[in-house]
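Accompanying notes for the structure given below.
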Amino acid sequence: MSYKTPKQPSKAKKDSSISQAQKSAILPIYSRQEVVFCYGKGVYLYDTQGKKYLDFGAGIAVNALGYAHKDFTNALKKQAQKLLHISNLYYNTSAIKAANKLAKASNLSKVFFTNSGAEAIEGALKVAKKYAYNKGISHPKIIAFKNSFHGRTLGALSVTGNESYQKPFKPLLDWVEFAEFNDIKSVEKIIAKQDLKKDSKVCAIILEPVQGESGILPAKAKFLRELRHICKGKDILLILDEIQCGMARSGTMFAYQQYGIMPDILTTAKALGCGVPVGAFVLSEKVAQNSLTKGEHGSTYGGNPFACAAVCKVFDIFEKEGILERVNQNAVLLKDALESLKFDFIKEVRSVGLLAGMELDESVKISQVIESARKKGLIILPAGKNTLRFAPPLIIKPKHIKQMQKILESALKEFA
């Protein structure tokens, strides 16, 4: 399907498209910017007025293949014409292929497909609870980390270390303890405290290898390795949430592969489907054999043929187009481009692969920078207290990084 850029309409019509969106039946729970997008092509988005935007947000790290990728959309069209959905009372070929590809890419054993990242977290928590139950632990505890983000559903919110997200929905699940990120002693302290109790033991530790929503904060290699060592010694499950940093964005298929460790449970979503709603939790063989059994978990749409066809094609395109190599080449250029911008209010640039954060001091509000950049034709994201987040499609080229740098510099100059 091809699109023609529409002519610039009158000011009155511009205002009406925003007004219609704001008055629509959509529940107003997001702080939306005043723009209505209608299509995308490559690494660009187009609004209802025909204005073109360079997208360095990728639907919050979802659209790794950009927009209207020919091979990807053709595969979706083919699957839609063949089989959209059957129930999980039966196998389907797409799910079998997708599960095998994901298990191979993660070097884990068994896959359960979900419809989102939050659902993958919920499933991982159930796995940990059942694993503890089978060990005879009647009051299992899970360690999560301060400033983490794992989702908005009640279980995922319970392990999210952000009081402002949790407060309106308390009481949440009471079996979660929060440790300091990158502080192994704080973890050991919680474990030791629980070990003193008869029926209460730590059954799992959940964390993001890169805390995304908190401002692109990578875990230290030593910290992750020490966590893995502790978990192995005490038979505690290590759950790695790679919903945002996984699927090649970090420079390896999954970020943990850079540290020489393995999780017991992996959660993934976002770029797993490149725009098609799909997530998964992936288990080691040991965990799969000692946790959920038939009838203890399920999902009506999880593992449906259409979503799994998307997963299969994503892996195929990543391999065919050398996405990992491109990420590693462009990651250096992205970091250099951001670090080359010299403004007194820039505190720090942090990056892992094609996921980067530029932290500003409090004299400049990131919401204003993001709005200025958007008006100039660049889409970027917020993160943390005052961090600009960059999570472009993984298909970007050096010229797109240069274009981003030029627009961002122009936006930042307004606050110098």
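The backbone N, Cα and C atoms fix where each Cβ goes, and this holds for glycine too.
Within 10 Å of the C-beta atom of ILE243 (pyridoxal 5'-phosphate binding site) sit 29 other C-beta atoms, taking all shown protein chains into account. Marked as pyridoxal 5'-phosphate binding site by TrEMBL: GLY117, ALA118, PHE149, ASP241, GLU242, ILE243, GLN244, THR300.
Taken from TrEMBL, the feature N(2)-acetyl-L-ornithine binding site covers ARG152, SER299. The Cβ of SER299 (N(2)-acetyl-L-ornithine binding site) lies under 8 Å from the Cβ of ASN88, PHE112, PHE113, THR114, ASN115, GLU119, each of which sits 6+ residues away along the same chain.
Secondary structure at LYS270 (N6-(pyridoxal phosphate)lysine), taken from DSSP and collapsed to helix, strand or coil, is helix. The number of other CB atoms found within 10 A of the CB of LYS270 (N6-(pyridoxal phosphate)lysine), across every protein chain shown, is 27. Marked as N6-(pyridoxal phosphate)lysine by TrEMBL: LYS270.
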ARG152 (N(2)-acetyl-L-ornithine binding site): nearby recorded positions from ALA118, ILE243, GLN244, LYS270, THR300, Cα cut-off 10 Å: ALA118
Rounded inter-Cα distance in Å - PHE149 (pyridoxal 5'-phosphate binding site), LYS270 (N6-(pyridoxal phosphate)lysine): 14
Same-chain residues at least 6 apart in sequence whose Cβ lies under 8 Å from GLY117 (pyridoxal 5'-phosphate binding site): GLY151, ASP241, ILE243, GLN244, THR267, THR268, ALA269, LYS270, GLY279
Three-state secondary structure, ASP241 (pyridoxal 5'-phosphate binding site) (per DSSP): strand
